[in-house]
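Take a look at the structure below.
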Amino acid sequence: MGKRYLMQNYAQLPLVVARGEGARVWDAEGRCYLDFVGGIAVNSVGHCHPRVVAAVREQVEQLIHCSNLYWFEPPVELARELSALSGLDRSFFCNSGAEANEAAIKLARRYGYERGKENPEIITFTHSFHGRTLGTLAATGQEKFSQGFTPLPAGFRHVPFNDVGALWEAVTPDTVAVLVEPVQGEGGVYPATGEFMNALAELRDKEGVLLIFDEVQCGLGRTGKFFAFEHYGVRPDILTLAKSLGGGLPIGAAVAREEIARVFRPGAHGSTFGGNPVACAAAGAVLEVLQEEGLVERAAETGAYFKKRLESLREKFPCIREVRGVGLMLGMELDRPGQSLVSLCQERGLLVNCTAEKVIRFLPPLVIGKEDVDQALEIVEQALEVFLADAC
Ligand SMILES: *Cc1c(COP(=O)(O)O)cnc(C)c1O
């Protein structure tokens, strides 16, 4: 299915997903799977949350698209809510995480340009992932993603993650910003250390370097705080969001302080679909659900339980090198490639993902309960036994 007409850039697993509800999806034959991939951190409020469905349905009957030549209500409401939640001032809406980061990069460059920096440079980190556009590929600190797609835009400097000394050494008079995921996702689930985030704050205070936090994956409750930066007490100047924001609809956002947002004057940036009323209505419902159903606290609690259980699994299976992450953004690093473990879990009714070759990543909807964690771990344990037997 699909092999003939779709470009083969995804290496899909042999599973046709037909329906989803809460933390579960069903295939075309009606077989049920516990979904611990969650659309790669998209389905945070669960599949087809009734309030998201209702918001979309209502908006679709009113207005699906107009144009940013005019005003309409949903993006205004959403921007107001994001300001209240983040403490930042203004939002720009687009359609994906990569576009949110592109907007952040352009904001930082223009901000620097207006302050006399003609060759603005942005510091990013090893293991990072910021998207697949040429600009965000240049920002991404993993060469495997950009191989064969050069030349890339200049102006990025990659520095070892969590290395305070290397960070300070990389700063030059051209440095305008640091772009960082407070908890790295695709790179293998690596949280920033407190020391590193404090150094970033100091860099801002001393050198006026802007802090751009890419919370496309780790934001919006995923780590057990509304924003991952709250774990560190360091607020960004620009924050990027996407993945879970639209409850499954495509939407991204760059949220910034007034002084920075100001550099986007009319005509400076734009997106035809940006601020789409249906996507914004869905996102408004997502933010309500996260707060009213206490999903952020729940992610912290369920995540702590999950992590503790993964750590005890590690005692039983020495092939598990390390368990990392926070809240419901967890990674289990193996001593060998993990893709076949993904298939073994799938055969037993659990969807998980493998990133950075050896890291089994868990990004379940935040609505899961402890019994879902227990069920998932039972499957992981069975799968690990077969995985290890197969290896011998
Ligand atoms: C997924 C991701 C992106 C890219 O988002 P797209 O919507 O795929 O463009 C950027 N940054 C981080 C941290 C991500 O996890």
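These residue numbers are counts, starting from 1, taken along the chain as shown.
Just so it is clear, glycine is given a Cβ too, placed from its N, Cα and C backbone atoms.
If you look up TrEMBL, you'll see Gly97, Ala98, Phe129, Asp214, Glu215, Val216, Gln217, Thr272 marked as pyridoxal 5'-phosphate binding site. Taking Cβ-Cβ distances under 8 Å and a sequence separation of 6 or more, the neighbours of Ala98 (pyridoxal 5'-phosphate binding site) in its chain are His130, Gly131, Arg132, Thr133, Thr136, Gly252.
Arg132 (N(2)-acetyl-L-ornithine binding site): 15 other CB atoms within 10 A of its CB, across all protein chains. Annotated N(2)-acetyl-L-ornithine binding site per TrEMBL: Arg132, Ser271, in sequence order.
Neighbours of Lys243 (N6-(pyridoxal phosphate)lysine), defined as other CB atoms within 10 A of its CB across all chains, total 28. Residues or ranges marked as N6-(pyridoxal phosphate)lysine in TrEMBL: Lys243.
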Rounded inter-Cα distance in Å - Phe129 (pyridoxal 5'-phosphate binding site), Ser271 (N(2)-acetyl-L-ornithine binding site): 22
Residue from Gly97, Glu215, Val216, Gln217, Lys243 whose C-alpha is spatially nearest that of Ser271 (N(2)-acetyl-L-ornithine binding site), among the recorded positions: Gly97
Lys243 (N6-(pyridoxal phosphate)lysine) and Thr272 (pyridoxal 5'-phosphate binding site), Cα-Cα, nearest whole angstrom: 19
Contacting binding-site residues for ligand 1, chosen from Gly97, Glu215, Val216, Ser271, Thr272 when the Cβ sits under 6 angstroms of any of its atoms: Gly97, Val216
Sparsest Cβ surroundings (other CB atoms within 10 Å) among the binding-site residues Gln217, Ser271, Thr272: Thr272
Euclidean distance between Cα atoms of Glu215 (pyridoxal 5'-phosphate binding site) and Lys243 (N6-(pyridoxal phosphate)lysine), Å: 9
Cβ neighbour count within 10 Å of Glu215 (pyridoxal 5'-phosphate binding site): 30
